[in-house]
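J.: Got these off Swiss-Prot a minute ago, pasting:
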type	residues	note
REGION	40-59	region 'Disordered'
REGION	68-101	region 'Disordered'
COMPBIAS	83-94	compositional bias 'Acidic residues'
BINDING	135-252	nucleoside 3',5'-cyclic phosphate binding site
DOMAIN	267-380	domain 'N-terminal Ras-GEF'
DOMAIN	385-468	domain 'PDZ'
MOD_RES	S501	phosphoserine
DOMAIN	606-692	domain 'Ras-associating'
DOMAIN	717-944	domain 'Ras-GEF'
MOD_RES	S806	phosphoserine
MOD_RES	S930	phosphoserine
MOD_RES	S933	phosphoserine
REGION	1002-1049	region 'Disordered'
MOD_RES	S1022	phosphoserine
COMPBIAS	1035-1044	compositional bias 'Pro residues'
MOD_RES	S1077	phosphoserine
MOD_RES	S1086	phosphoserine
REGION	1090-1176	region 'Disordered'
MOD_RES	S1092	phosphoserine
COMPBIAS	1105-1122	compositional bias 'Low complexity'
MOD_RES	S1113	phosphoserine
MOD_RES	S1117	phosphoserine
COMPBIAS	1138-1159	compositional bias 'Low complexity'
MOD_RES	S1156	phosphoserine
MOD_RES	S1173	phosphoserine
REGION	1221-1254	region 'Disordered'
COMPBIAS	1244-1254	compositional bias 'Polar residues'
REGION	1303-1357	region 'Disordered'
COMPBIAS	1304-1328	compositional bias 'Polar residues'
REGION	1391-1486	region 'Disordered'
COMPBIAS	1475-1486	compositional bias 'Acidic residues'
Amino acid sequence: MKPLAIPANHGVMGQQEKHSLPADFTKLHLTDSLHPQVTHVSSSHSGCSITSDSGSSSLSDIYQATESEAGDMDLSGLPETAVDSEDDDDEEDIERASDPLMSRDIVRDCLEKDPIDRTDDDIEQLLEFMHQLPAFANMTMSVRRELCAVMVFAVVERAGTIVLNDGEELDSWSVILNGSVEVTYPDGKAEILCMGNSFGVSPTMDKEYMKGVMRTKVDDCQFVCIAQQDYCRILNQVEKNMQKVEEEGEIVMVKEHRELDRTGTRKGHIVIKGTSERLTMHLVEEHSVVDPTFIEDFLLTYRTFLCSPMEVGKKLLEWFNDPSLRDKVTRVVLLWVNNHFNDFEGDPAMTRFLEEFENNLEREKMGGHLRLLNIACAAKAKRRLMTLTKPAREAPLPFILLGGSEKGFGIFVDSVDSASKATEAGLKRGDQILEVNGQNFENIQLSKAMEILRNNTHLSITVKTNLFVFKELLTRLSEEKRNGAPHLPKIGDIKKASRYSIPDLAVDVEQVIGLEKVNKKSKANTVGGRNKLKKILDKTRISILPQKPYNDIGIGQSQDDSIVGLRQTKHIPTALPVSGTLSSSNPDLLQSHHRILDFSATPDLPDQVLRVFKADQQSRYIMISKDTTAKEVVVQAIREFAVTATPDQYSLCEVSVTPEGVIKQRRLPDQLSKLADRIQLSGRYYLKNNMETETLCSDEDAQELLRESQISLLQLSTVEVATQLSMRNFELFRNIEPTEYIDDLFKLKSKTSCANLKTFEEVINQETFWVASEILRETNQLKRMKIIKHFIKIALHCRECKNFNSMFAIISGLNLAPVARLRTTWEKLPNKYEKLFQDLQDLFDPSRNMAKYRNVLNSQNLQPPIIPLFPVIKKDLTFLHEGNDSKVDGLVNFEKLRMIAKEIRHVGRMASVNMDPALMFRTRKKKWRSLGSLSQGSTNATVLDVAQTGGHKKRVRRSSFLNAKKLYEDAQMARKVKQYLSNLELEMDEESLQTLSLQCEPATNTLPKNPTDKKPVKSETSPVAPRAGLQPKAQPQPQPPQPPHKLNQGLQVPAVSLYPSRKKVPVKDLPPFGINSPQALKKILSLSEEGSLERHRRPAEDTISNTSSQLSSPPTSPQSSPRKGYTLAPSGTVDNFSDSGHSEISSRSSIVSNSSFDSLPVSLPDERRQRPSVSIVETSLASGRLERRPAVEPDQYSLGSCAPLSESRGLYAAATVISSPSTEELSQDQGDRASLDAADSGRGSWTSCSSGSHDNIQTIQHQRSWETLPFGHTHFDYPGDAAGLWASSSHMDQIMFPDHSAKYSRQSQSRESLDQAQSRASWASSTGYWGEDSEGDTGTIKRRGGKDVSLDADSSSMTAVTAEEAKPAAMAAHIAVTPSAAKGLIARKEGRYREPPPTPPGYVGIPITDFPEAHPHPARKPPDYTVALQRSRMLARPAEPPAPGSARPAPRPQWHRPGDGDPRAGPCAPPGLTAEEDEDEQVSAV
């Protein structure tokens, strides 16, 4: 890192962007723009270090929904169903919603400790947090660890505080953890450093001096500082720790010496980088205790630097011939097969490699290893479906079969004709046939199997490679030939042995093997099989698997969590108890990060129910298991119906009714199984007498069946919908191969083309639009409300299933603009569901890199199965990839690959569960009160009960205590849900959804007619009509039409924070950072102590500060500014913004929003004393008009300044800057938790917070009003209309207001060139503070302590200072809002306000700037003709430009003194100012 003393390159900021993300990374969703903005991670989880641009999209925050006074509504008009009765609601205790979803901010606790008091765990916490920041990029883990051990924490509380003066001696190297600072150079250039950037000394003891003046730009800037001496020592020590391996004078590998703790027991060398050949060779070298996962990491990531896996395969075969390397080579191959069997399947060269390796093992008499290899192949092989056709039934089969249930085996292929179609289809020796034409072949006699295969000309065959069992079968057959007697298998009925218990290691293998029972009485044989397998494992384990190097790592994790210097546990304990002799720290054969078990073999316990009818329409409920055949059902049905005939006279028939009303009837084959899964809703099973031709189902019954098959969402159980969603999502999630993440991340071509990953990726969009489609297609308002309520319940149950993906999708769907604008529908939602919804949203608060969600995900009691939020996974991986170079000094950067592999392993563990997926998410009829806090795992879920016992739970036959009819009804509900989900018709076009939304609730007029008119305002052209506070009086004022070339103008919006300061010692009384100050480095230490003391006294003072600093979100969110090289693209029209008397601002950015553009409002606290303020209303052609509207009289104004405002969350950077805020009313009890509180914010955008962006657009957060408020505190005494005002998106236009006229002149400033340093490609960075610097003699009325300070009104023009004119003391500032289409009028409502959704990170939108200004964007539509006509009548009269006034810097008043009230305490009119005087004031907006 270069020091600040060198102006050309300041820390990381000097690095130019290398490459922006490929657009297809963000295919998940459409938002308003493509932003190549750099986002930096600030959570304690994601593990990324970023130095280049990422394209993950912005996401509006999930704000807090407020309650309205309207209580629960009367639902009597809507018939209640059993699913959604109010009684049910009372049973389901929703009061748990008050349980907050917060935990202590562990990272801050660690930072505030004295460095000498930090434990190893503290350093691990800090390391995981810090190593994602760009300042630490390309540092080795040991250097980061050392820096974390000595860093001190400092907080500068006030914006505008001088941190370093020009020429001051530097004494430390510092990294910004929160907030941003601005460096103003003597030549007038300015640069903004944001979260993750560094400044200060270089790693040398030479004296260095600050160049320029550094000031904080926002309140509550947080830094960590490392003293110069420590910084120099640590960085210079790196070379000493490096060990370079040279060959022929060239460096081929670099290792680093690491100590993982202070005990000195865990230390050694770890590979940092190397050539591909040398890394391959390292596979069979000795690995130190600090690098135990090298083989795994290599086998996952070799594809990024090697062209073909055979490069590794050939080397392994070659090394196998060396007896000293043989065991190591075998272990590598076993791990490869176990972890990435997909590298072998479908690749002929790799299949031949595997066969050759097997032959080598046989040749060397390594039988135990060979068995383990076969076990691994059987465990990892996937089912394959192939179709064969025979020319005639008599035609011979092209293959020979062995096995059969009479021998205790399945059906296996012994040989295949080489020239047959079966070979072309992929059938090969050793394949086990699992199913033919829907009939189960896993437990069938060989003769019966041959009969089925011969009697069909069209064969649909499901097979799976199972070499281990096939070889066991061959051994048995040879023994039989020798001994002359059939040999009963020792490995018996595994299904009955261990299905409902957590098996030990041997039984795991047993389940994998899939051996079948000989007959129904062979349960006792299991023990012999288990013992035999244990012997197999015992023989081979020691020679293959290394001994456990240390004992303090949990079973559920690989050693890599500790090795690379990250935390030792990811808090995902595994449910697999491992036998004591197996190294639990190695992800070896039976502990893959993905599933090991094959769940195709299910229990024989009768846990399913069929309803079987007779021709006279009597019915009985029959308990069956999944493998019960049709013939067995007939036997049971005859017994239930008390029929005296023999089973041979009857058969099972399926009768179904098509949607057209056609009745179909077919006889089921005797061997057909999975009967409960096959029956349709519009079908029934009948017991049919084979000798009669009676009609089984009459027309009346058929019509009834057809009616029953028509399903609506409200008829479905919310628990069952959540369960089925979770089962479906989990199946998709666990099918993702680890290699797919790598292929997708590095854009590698693979034979599977990441199909599983893409499928799972699409789910979140489909579920989001499902929610919107379902709600908007319902025309009845009461039913619409009930559907919303239904979805909130489903989301809650998804949380219980740990299905965060669906939970997030449902919340996002409810917040899509077309749904969010349905004000009257939302008003009818009961308050308790408001609170529930708010609680669910709170989990996905994007601040601090989604700290709340990550805390829940990593909590101790959250165990697999977990379905994580996929966009966050993808973002984390992308940042690791984009933020670290793949090659360093010509060598493969293996440190980067190790971090990526560790992240993928962590994700994979969420899917590693040793349980049938069908049982995982079963939480039938669980009361909500038992769900616990949202921040806790559901310890009463079935899988967790089993997992936590670590042993065998007592099995209970469910049929002994569960009513068959009740079971059937539950199963029928599951069938209904499955059919409903499979037949969904989604409306994925947001324009169509908007049309449906307007049909549900048409847009209303934008302007109320009088002050008492409380009619909610909606924009006819806005897709979002937010629910906000009451609509105050608005007086239209004329505005001249804007010329077409002015369409790219933005709003000038001042920003003010409602966040309470941590005032203890006035920061300005403290000396600057550097040596020149009396206290030198002590200054920052005193800041640190001040912040620390503050925390202990804070709870008594204010709740916001308490919640924010001690809980999961830090005091301020990561805010940042874009890199050099970007400019703002022009946008079409100007958004309006308006402030309401007691409304709070929230950005309303929908997930998909080519039509959902909103406007940028001023944010004010909830108070009733009002004063005039400015509202600018957009028009269709960017002609605006000013409204005068009674607004709150605050001590501080809050401003909708895009990213700076913590709540102004819809900020999009770079290509197009789109802000979509809106207003919401705060209820009194929520005032203290107001979202402008910086603690939980940083919500400029999803990525700015979720990824800790340091390139997020941010300018002013938590400024004092004088620093940020050019209007709202600038007044003139003109009783007439105020003129409109606009500013360009890059620079301020000159806007001047004379004393008694509404005339104005504006002059557009030309943009600075891209290569100018001060123009950091964004309006956020090329600005200073307009309000504070331009306030000279401008005729503004300044208030201090309630007194008006009048200046000369004649000179009341405010001139913008361009960046060229800006000086360190007078830096021009503005906040330009590049609006979207003419679609964003702020609307208001009485009562509650629903917040918009988070747009998931990684979603890209249609970039508006892809189209020239002259042509309309295809995704935008003009306002309705009537609206345009109405607005055209509001055009202003022409104005003459007055003489420009000069802008001079003015002293910056200290608005908040220690005696001032809390900024959140609500605005009050200054003493002595009456309400009448208030009303008479005119506000000039500049």
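Cβ atoms are placed via backbone N, Cα and C, with glycine included.
Let's see these features in context: how buried, what's close, how far.
T.: With a 10 A radius on its CB, M195 (nucleoside 3',5'-cyclic phosphate binding site) counts 32 other CB atoms from all the protein chains. Annotation note: M195 (nucleoside 3',5'-cyclic phosphate binding site) sits in a coil segment as assigned by DSSP.
Per-residue pLDDT, averaged along the domain 'PDZ' (385-468), amounts to 89 for this model.
DSSP assigns S806 (phosphoserine) to a helix.
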J.: I'd like to know which of these binding-site residues, A135, V150, M210, C225, is least surrounded, judged by other CB atoms within 10 A.
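T.: Selected from the binding-site residues A135, V150, M210, C225 on minimum Cβ neighbours within 10 Å: V150.
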J.: To the nearest Å, how far is the Cα of M210 (nucleoside 3',5'-cyclic phosphate binding site) from the Cα of S806 (phosphoserine)?
T.: 51
J.: Which one of these recorded positions, N165, S180, S806, has the sparsest Cβ neighbourhood, judged by other Cβ atoms within 10 angstroms?
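T.: N165, out of the recorded positions N165, S180, S806, has the fewest neighbouring Cβ atoms within 10 Å.
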J.: Determine, from DSSP, whether S180 (nucleoside 3',5'-cyclic phosphate binding site) sits in helix, strand or coil.
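T.: Its secondary structure by DSSP: strand.
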J.: Out of the binding-site residues N165, S180, M195, C225, K240, give me the one sitting nearest to S806 (phosphoserine) by CA distance.
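T.: Sorting the binding-site residues by distance from S806 (phosphoserine), the top entry is M195.
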J.: For the domain 'Ras-associating' (606-692), give the DSSP counts of helix residues, strand residues and coil residues.
T.: 19 helix, 33 strand, 35 coil
J.: Would you mind listing, in sequence order, the residues at least six apart from K240 (nucleoside 3',5'-cyclic phosphate binding site) in the same chain with a Cβ closer than 8 Å to its Cβ?
T.: none
J.: Across the domain 'PDZ' (385-468), what are the DSSP residue counts per state (helix, strand, coil)?
T.: 20 helix, 32 strand, 32 coil
J.: Where DSSP helix means H, G or I and strand means E or B, what are the helix, strand and coil counts for the domain 'N-terminal Ras-GEF' (267-380)?
T.: 78 helix, 8 strand, 28 coil
J.: What kind of secondary structure is C225 (nucleoside 3',5'-cyclic phosphate binding site) part of, going by DSSP in three states?
T.: strand
